[in-house]
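Worksheet: the structure to be examined is printed underneath.
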Amino acid sequence: MLPTTSVNSRSQGNGALSPRDAARHTAGAKRYKYLRRLFHFRQMDFEFALWQMLYLFTSPQRVYRNFHYRKQTKDQWARDDPAFLVLLSIWLCVSTVGFGFVLDMGFFETIKLLLWVVFIDCVGVGLLIATLMWFISNKYLVKQQNRDYDVEWGYAFDVHLNAFYPLLVILHFIQLFFINYVIISDSVIGYFVGNTLWLIAIGYYIYVTFLGYSALPFLKNTAVLLYPFALLILLYLISLACGWNFTKMLCSFYKYRVK
């Protein structure tokens, strides 16, 4: 039931993987299978992906229990179905168009904003965070007695996507209803509401990330992934005391980037 690929799993009688099984379970083979399914919408389980998106808000532990089931049945921890990524991309497009409308951007400015959000905010930052967490978890969090197991990079990226989705909905959807009339005003209530939404969104990201790595039984000391909460709360209190409005800063940055 261990949620990664073991070098001793599915072995032959002499303890070695058969050539066919070894080829099937390489990272390259899994990546090829995933990318190939990206162009076959009929093979994607969008209903299940929607279920995951719902439970990432209400009960993210249930999402990671399903990852355990995938390991048992398909011998891999990372997603093999790109349906979640496709739906997340749709969410990015819709929410970014909404952001452009709220900020009174033109058509081409909105397209530029969309490209920035997709390739920088989501994919670029995601690749960086996933690679960093993949390295840290394999280097420092794997139990000594389980050195035959490691965290798949694809799983690390899936954890980022799982954590990014609630953040996206809070900051790029829920927040839109308050930006023009409440948040970007110069009143105390404006930056209080805006910064509180940022606190909740980033807090969700930290918590869902923690759940992703704590779900792996061969990792130790995963509680350290919750330490950023202390820095987050401190920054939140400082922002309220100094009158910093994170949403207003984000809007100004987006307008600057699309010029």
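The backbone N, Cα and C atoms fix where each Cβ goes, and this holds for glycine too.
According to TrEMBL:
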{"type": "COMPBIAS", "residues": "1-15", "note": "compositional bias 'Polar residues'"}
{"type": "REGION", "residues": "1-24", "note": "region 'Disordered'"}
{"type": "TRANSMEM", "residues": "83-102", "note": "transmembrane segment"}
{"type": "TRANSMEM", "residues": "114-136", "note": "transmembrane segment"}
{"type": "TRANSMEM", "residues": "163-184", "note": "transmembrane segment"}
{"type": "TRANSMEM", "residues": "196-219", "note": "transmembrane segment"}
{"type": "TRANSMEM", "residues": "225-247", "note": "transmembrane segment"}
Practice item. Name the range, of those listed as 83-102, 114-136, 163-184, that has the largest tally of Cβ pairs under 8 Å with the transmembrane segment (196-219). Key: 163-184
**Study point:** Sequence-remote partners of the transmembrane segment (114-136) [C-beta within less than 8 Å, at least six residues beyond its ends]
**Key:** 88-89, 92-93, 96-97, 100, 151-153, 156-157, 159-161, 164, 168, 172, 209, 213, 254, 257-258
